[in-house]
Amino acid sequence: MAILLKNGLVYQEGEFIKEDVLISGSKIQAIGLDLPEEGAEVYDLKGKLLAPGLVDIHEHYREPGFTYKETIKTGSEAASRGGFTTVCTMPNVDPIPDDLETFEKQVALNEANSCVHLKQYGAITEDLTSDKVVDMAALKEAGAFAFSNDGHGIQQAGTMYEAMQEAAKVGLAICEHIQDDSLYHHGVMNAGKKAEELGLPGILGVSESAQLARDLVLAQATGVHYHACHVSTKESVELIRIAKEYGINVTAEATPHHLLLSEEEIDGNNGYYKMNPPLRSKEDQFALIEGMLDGTIDLIATDHAPHSREEKAGDMRKAAFGIIGNETAFACLYTKFVKSGQMDLSLLLDLMSYQPAKLFGLDAGVLAPGKEADLAVFDLDHAEKLSEEDYLSKGVNTPFTGQEVYGMTALTFVSGKLVYKSKHFAD
C-alpha cells in the first residue's frame with residue numbers, strides 16, 4: 001500500500017517547503033502538492049518537520065556477548081525513536097568481527113534483528129588490542145563499512161601506518177578512538193579543576209591531541225581517509241583545522257554530549273557523567289561548538305553506549321565508560337542550539353544526515369523521488385520531558401533524563417515501513 005505524508009514542512013536540498021511526500025513500496029514516489037490520496041495510507045503531519053532519516057556512524061550494540069546491556073533489536077528500536085534510519089555499529093562485541101567468518105556471522109545477526117539499516121565496522125587489528133592488522137580486503141568484500149578499534153587507541157605508530165596503508169588500498173576509512181595510553185593514566189574524568197575538587201584521577205587532554213597529531217602525519221603519508229572519533233579538546237579541533245588546510249584527508253565527529261556539556265555540569269561523583277573521552281573544560285566545549293559551526297567538525301555522531309544500571313551506579317572509579325544518546329540526540333541539540341538561535345536547523349540536519357552519508361558513501365541523507373523512503377518526522381513545537389520509562393534502549397545511562405526538550409521524533413520510516421510512531425502523534 002502507498003503511504004502519503006501530508007502537510008509536512010519538508011527539508012529538501014537545503015530548503016524547507018510545505019509539501020507532501022508519497023511513498024510507494026520502499027521508495028519515494030513523488031514530492032509535491034496535491035498528491036493523490038486514493039489507495040494510500042494517509043498521515044497528516046500538521047506542519048511537522050519531515051526530513052531525511054538521520055545517519056549515525058558511531059553506535060555500540062552489545063550483541064553478541066553483552067546482551068544484558070543492549071541487543072541489536074533494542075538498540076535499533078532506540079535509534080528509530082531518535083529519527084535514525086541508518087546506523088553504523090562498532091566491533092567491540094564478543095566475538096569481535098576481526099576475521100571473515102565472524103564478520104559474516106555478525107552481519108547476518110544484524111540483518112535478522114535490526115529495524116534500521118545497519119552497517120558494520122570491522123576491527124582494525126585482531127582482538128582490538130593487538131598489533132596484527134586484519135584482512136581488510138576480505139572484510140570489505142563481506143560488507144565492512146569502515147575499520148575501527150573504538151574503545152582502544154592504536155598505540156604503535158608502525159601498526160597504524162600499516163593499517164592506514166591497507167585501508168587506503170581497499171578504499172575504506174580508518175575511524176580512530178584517539179588515545180595515547182602512556183598519557184591516559186587510567187583517569188575517570190577530565191584532568192582539571194573538577195577532578196581535583198572531587199579527588200578523582202584525571203584524563204589529560206594531551207592523551208587525545210598527541211595521538212591525533214601522530215595520526216594526521218601518517219594519514220598525510222598514506223592518503224587514507226582518516227576519521228577522528230568523538231573529538232573532545234580545543235587542541236584537537238585546531239589540529240584538524242590545520243590538517244584540512246594542508247589537504248590531509250581527515251574528517252571528524254563530535255558527540256551531542258561533548259557539545260552540550262562540560263566538566264562544570266558534572267553533578268558530583270556520578271557514574272552517569274563518566275564517558276571516554278570525558279567531558280572537558282568549557283573552553284574545549286566552546287571550541288567544539290565553533291568547529292561544528294565553521295565546518296572543522298564534519299558531522300555529529302552519538303557514540304551510543306548502553307550499560308546496565310549496576311555498571312553505571314555510584315562512584316566514577318568503578319562505573320563503566322559510556323552514555324546512551326541515539327533517542328535524544330536530535331531533540332537535545334535542536335533545543336540547545338537551534339531554538340536559541342545559535343545554529344540553523346538546516347545545518348543540524350546536514351550534520352546528522354547528509355554529511356555523514358556523503359563523506360562515507362552511504363545512499364542516505366537526501367529526500368528525492370526514486371530514493372529509498374528513509375524518513376523522519378520531528379515535532380518541533382511539542383515539549384517533552386525525557387523519561388527513563390520511555391527509553392527503548394536497555395540502557396538508561398544518560399544525565400539528560402528529566403530535561404524538557406523540543407523536536408522529539410513523531411514518525412520514522414525505513415524503506416517505506418513505519419518502524420516508530422510516537423505516543424504523542426495523532427494523524
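Placement of Cβ uses the backbone N, Cα and C atoms for every residue, glycine included.
What Swiss-Prot records for His58, His60, Asp150, Asp303 is Zn(2+) 1 binding site. What Swiss-Prot records for His60, Tyr61, Arg62, Asn92, Asn276, His307, Phe321, Gly322 is substrate binding site. Among the features that Swiss-Prot reports, Zn(2+) 2 binding site is placed at Asp150, His177, His230, with the record citing sequence analysis. According to Swiss-Prot, the active site annotation covers Asp303, on the basis of sequence analysis.
Excluding Asp150, His177, His230, which define the Zn(2+) 2 site, the same chain contributes His58, Met90, Ser148, Gly151, Cys175, Glu176, Ile178, Gln179, Cys229, Asn276, Asp303 within 8 Å (Cβ to the Cβ centroid), listed in sequence order. Using CA atoms as reference points, the binding-site residues Asn92, His230, Phe321 were checked against Asp303 (Zn(2+) 1 binding site), and the closest is His230. Of the listed binding-site residues, namely His58, Arg62, His307, the sparsest CB environment within 10 A is found at Arg62. Annotation: Asn92, His177 are the binding-site residues among Tyr61, Arg62, Asn92, His177, His307 whose CA atoms are within 10 angstroms of the CA of Asp150 (Zn(2+) 1 binding site). Long-range Cβ contacts of Asn276 (substrate binding site) within its own chain (separation 6+, distance under 8 Å): Gly151, Gln179, Ile203, Phe321, Gly322. Nearest by CA distance to His58 (Zn(2+) 1 binding site), out of the binding-site residues Asn92, His177, His230, His307, is His230. Taking every pair among His60, Tyr61, Arg62, Asn92, Asn276, His307, Phe321, Gly322, the residues listed as contacting substrate, the largest Cα to Cα separation comes to 17 Å.
Residue pair His177 (Zn(2+) 2 binding site) / His60 (Zn(2+) 1 binding site) shows a Cα separation of 13 Å. Taking the centre of the Cβ atoms of His58, His60, Asp150, Asp303 as the Zn(2+) 1 site, the nearby residues of that chain (Cβ within 8 Å, site residues left out) are Glu59, Met90, Gly151, Cys229, His230, Ala301, Thr302, His304, Ala305.
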